Amino acid sequence: MDRPRLFVAAELPKDSRVRLARSFSAIPLSGGFRRIPEEQLHITLKFLGATDVTLLPELIAALEKATAPAEAMSVEFGHVVLMPQHRPRVVACAVSAPQELSDLARSIDDALYAARIAQPERRIFRPHITLARVSTTPAPADVAALTSWQPVKDDILIDSISLFESVLKPSGPVYTILNTFHLA
């Protein structure tokens with residue numbers, strides 16, 4: 001049985017991704033960091049993981065229902081966060097977003113649970129964009145450089161949500177959009 005790795009995310013406009021990636025690439029970091037390619041920058045709303053491919057029609061229907069009442073919204077880049085704080089594995093840019101983005105994430109979570117596709121999310125939704133993966137404990141100089149970095153100011157329009165497949169490869173994941181849901 002085929003079980004693709006899936007997630008639901010808000011894709012960022014290309015110009016915003018490019019500005020964010022360029023700004024982040026200017027930070028000098030020692031080893032132990034793998035920067036995320038510009039074309040993969042997004043805001044994850046729900047990670048599904050390995051999902052039975054036969055559930056795709058129900059999954060798409062649930063996402064259509066969850067996104068239908070949602071309207072396009074603007075978000076902004078925020079500050080850098082290291083997650084988790086005690087032994088960081090991810091460097092991310094927090095996203096300053098309206099309550100509607102959290103409401104949309106909750107609506108997606110509820111719809112997928114009601115369709116018996118995914119368990120409800122236990123963690124609080126904290127919108128962010130993963131910028132790098134961390135393989136070793138960051139050096140104090142790296143932490144200082146990261147926490148003092150200010151991303152470029154940008155008003156980012158989120159006008160669609162996409163269902164992605166993630167295929168893990170030795171060179172890093174490859175993302176493919178399976179379906180896009182436009183916001184009103």
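Each Cβ is built from the backbone N, Cα and C atoms, and glycine gets one as well.
Your range for motif 'HXTX 1', going by TrEMBL and the list 42-45, 54-57, 146-149, is 42-45. Motif 'HXTX 2' is the annotation TrEMBL gives to one range among 88-91, 108-111, 128-131, and that range is 128-131. Sequence-distant neighbours of the motif 'HXTX 1' (42-45) (same chain, 6+ residues past either end, Cβ-Cβ under 8 Å): 7-12, 75, 95, 101, 104-105, 108, 125, 127-130, 158, 161, 164. In the predicted model, the motif 'HXTX 1' (42-45) shows an average pLDDT of 98. Cα of His128 (active site, proton acceptor) to Cα of His42 (active site, proton donor): a distance of 8 Å.
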